[in-house]
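To start, the structure under review is shown below, and the notes come after it.
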């Protein structure tokens, strides 16, 4: 199955079911197809752990922060720094509308997360990843997933 077809099928399934959740193994397949395994030294398990601790695999999650900014999507990407929600000032370092981070095809969120991880702090940009994933054995995140 081609990369584009798999992403299309996963996003179609989510849209048809009006679901905002993606399964752990479906997400692992998409992340692998987008070459995140080993990206900047992080494993697929790191990415899965990040998505779980930030959003519980909820693609459409939006969270308001105490400073008035919002976090969007699977990776809870912040509107003050990374995306523009047109509600308050944003540096918009990913050059993306925050609403695009809620898209079931996941690509806008993945591309922005890759940009964030490419910076000096890597996944340490996410407090929840530091608290719950960093330095821990994460092999179980891929248990039962059939990857290519």
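Each residue, glycine too, has its Cβ placed from N, Cα and C.
It should be emphasised that the depicted structure is a prediction, and the values quoted were computed from it without experimental measurement.
As annotated by Swiss-Prot, signal peptide applies to 1-19. What Swiss-Prot records for 20-148 is domain 'C-type lysozyme'. According to Swiss-Prot, the feature disulfide bond maps to 25-145, 49-133, 83-98, 94-112, an assignment based on sequence analysis. Here Swiss-Prot flags 54, 71 as active site.
Positions of Swiss-Prot features highlighted on the structure.
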residue	record	DSSP (3 states)
25	disulfide bond	helix
49	disulfide bond	helix
54	active site	helix
71	active site	strand
83	disulfide bond	coil
94	disulfide bond	coil
112	disulfide bond	helix
133	disulfide bond	coil
145	disulfide bond	coil
When each of the disulfide-bonded residues 49, 83, 94, 98, 145 is scored by other CB atoms within 10 A, the minimum falls on 145
Counting across all protein chains, other CB atoms within 10 angstroms of the CB of residue 25 (disulfide bond) number 16
Those disulfide-bonded residues, out of 25, 83, 98, that come within 10 angstroms of residue 71 (active site) at the Cα = 83, 98
